[in-house]
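The next block holds one structure in the form of structure tokens; read it before the comments.
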């Protein structure tokens with residue numbers, strides 16, 4: 001019984017919790033809490049961990065740092081977006097180990113003047129991300145409400161490791177030894193297709209961020225200055241913004257890749273370039289370093305659909321593909337000649353010193369400028 | 001290699017992480033990560049969950065809301081204090097289920113001008129709380145670093161449920177039915193004794209908060225106006241402040257109480273009065289309500305050592321004992337005539353409507369004023 005304009009400070013903590021829980025009901029119903037587990041309401045919840053271990057990761061989103069309530073482009077961040085992204089990026093970390101999300105908890109910090117509807121939409125965003133991204137067994141296992149100057153959402157996700165064991169950034173010793181000698185194939189998987197314009201691949205979240213951070217008036221001026229054929233359409237723009245605000249990690253593919261024996265894996269939170277270098281350092285050694293190379297044909301294919309959006313931001317589409325973060329795809333290694341797991345594609349190589357694979361160029365660790373220098 | 005005056009903004013994230021990890025080393029060493037688990041460094045850590053379930057709880061502390069960097073009394077909050085308390089209050093939630101802490105993760109938000117030494121002291125506070133409070137098998141399983149206007153520390157604690165099953169706020173059906181007819185005994189356990197002045201019991205953290213929130217000059221004036229016999233000594237004052245800044249949940253007693261069949265349990269985060277009413281509502285029903293009563297002799301014993309500190313704050317010591325939160329003791333129910341678990345003491349009763357136990361008075365749900373009104 002809250003009026004349309006109610007803010008957080010108008011309600012007792014219990015009232016706000018009740019409204020939040022109503023929005024979480026689809027993923028916190030009794031059926032999802034088997035015997036021996038405990039739903040939220042006690043001091044702690046108890047989640048199933050059938051394999052005798054549990055994967056755990058935490059990540060926070062802060063207003064002003066990780067998102068703006070109103071972006072220079074004029075877009076307002078909805079509670080739904082923040083809930084979705086906070087859940088998605090944590091589910092992604094669990095996914096990157098090959099684990100299946102089993103639950104998440106959240107500590108919400110809210111200014112007193114936050115509209116109650118914004119907060120219930122945030123809870124709805126948690127629920128939507130869990131359901132739409134396919135983390136059907138993930139329970140919202142409780143949380144904490146606090147007051148602060150800015151919205152801050154800390155989420156911890158838990159997961160069941162796969163039967164085959166978790167996949168780490170460093171391969172098992174035997175595979176690693178082979179990779180140090182022969183190199184490795186770099187593979188990538190994007191998230192499930194959204195309802196919008198095509199499938200979001202690497203770079204789309206960064207393209208969306210670049211749009212959001214550009215002043216609305218400037219965007220309109222730039223659009224007017226572009227040749228109509230080079231001007232992005234409304235669906236392209238919405239697709240990029242949605243990739244940034246509501247990323248889509250491929251939650252079905254992490255456990256599947258673990259089952260099909262992928263050698264190493266991580267999620268792409270900081271860009272394909274930087275994260276490929278992390279995988280290279282995890283497998284390589286100071287004596288036997290490995291260098292990442294990107295497949296030129298793949299890069300051209302991944303960059304092409306970003307061309308018009310990049311033009312509007314005065315950036316190169318390849319920069320978004322290689323240096324853009326927050327898409328939460330999966331980046332992995334398979335041995336040379338080994339099968340690429342379903343849903344993944346080859347995007348490059350790790351090579352021992354002195355080897356230069358045909359059709360590839362060096363993959364820069366950070367942004368496009370550095371890439372130019374390396375090339 | 002950071003200079004004494006370095007602040008967070010001077011370092012790369014990796015450098016700060018390295019300094020934090022060095023302070024966490026005593027509780028994150030290799031020996032604590034058995035086969036099948038994964039220490040921090042990948043996208044998620046993997047913790048043991050030998051019983052096939054895992055207890056999980058989250059709680060955050062924000063500067064300005066949960067603590068002040070400099071209190072009106074002049075005391076400065078050290079990083080060590082914040083790390084200790086953030087860990088302790090989350091370990092306490094796991095303890096309240098009868099579970100043994102197995103790990104914690106933290107999302108830290110830090111202003112760029114936070115001294116690096118303050119942050120490493122915070123990590124040291126995590127380590128100290130885990131070791132001193134006896135959560136020897138608790139691993140720091142990773143975290144997240146972010147930037148913000150104020151310090152914000154979100155912690156999620158995980159725990160292994162006890163062999164006998166977790167203890168909830170509501171007793172098992174058979175015991176509950178008996179309690180609805182006969183009432184129940186309210187029991188409480190305080191934390192382990194500190195190195196300071198006596199054992200911190202209920203009310204000491206609230207007494208410390210009242211001191212911290214009073215202007216230093218006013219405290220000195222009030223102290224001068226008190227009769228020397230009524231004036232608290234430096235050790236008493238330090239004991240109260242320490243109880244607020246570094247609470248001591250009895251981590252050995254939660255799992256032990258579960259093993260000895262305590263019927264219901266929770267930790268005292270909001271005061272004995274409010275939390276006893278929560279237990280009463282969890283066990284009672286609208287048709288068979290239960291009312292909490294506090295043992296007058298226990299109350300007098302618990303209040304006596306707080307008399308001088310309370311006088312300085314112009315408060316009643318009983319108010320601190322019954323309405324003061326954040327001591328993180330354990331509050332539980334045992335059936336009438338059943339054994340009180342080791343380390344616990346009887347502090348009152350839950351009674352069916354119309355029964356008034358001798359030597360008890362009604363336990364108010366909120367502060368002392370309300371109590372006066374009820375009485």
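A Cβ is built for glycine as well, from the same backbone N, Cα and C atoms used for every other residue.
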Per TrEMBL, member of A:10, A:93, A:113 binding Mg(2+) 4 alongside A:43, A:57: A:93
Among ranges A:328-351, A:352-375, whichever one TrEMBL labels region 'Disordered': A:352-375
Between residue A:326 (substrate binding site) and residue A:58 (Mg(2+) 1 binding site), the C-alpha gap once rounded to whole angstrom: 15
Same-chain residues at least 6 apart in sequence whose Cβ lies under 8 Å from residue A:267 (Mg(2+) 3 binding site): A:92, A:93, A:95, A:96, A:249, A:275, A:328, A:329, A:330, A:331
Interface-adjacent binding-site residues, chosen from A:144, A:270, A:326 when a CB lies under 8 A of chain B: A:144
DSSP three-state assignment for residue A:57 (Mg(2+) 4 binding site): strand
Overall pLDDT for the domain 'PurM-like N-terminal' (A:41-159), taken as the rounded mean: 95
Pairwise Cα distance for residue A:57 (Mg(2+) 4 binding site)/residue A:144 (Mg(2+) 1 binding site) [Å, integer]: 17
Largest tally of Cβ atoms lying within 10 Å of a Cβ, found at which of the binding-site residues A:66, A:93, A:326: A:93
Distance, residue A:270 (Mg(2+) 5 binding site) to residue A:169 (ATP binding site) (CA atoms, angstrom): 15
Tally of residues which DSSP labels helix, strand or coil - the domain 'PurM-like N-terminal' (A:41-159): 34 helix, 48 strand, 37 coil
Among A:43, A:59, A:144, A:270 [binding-site residues], residue with fewest other Cβ within 10 Å: A:270
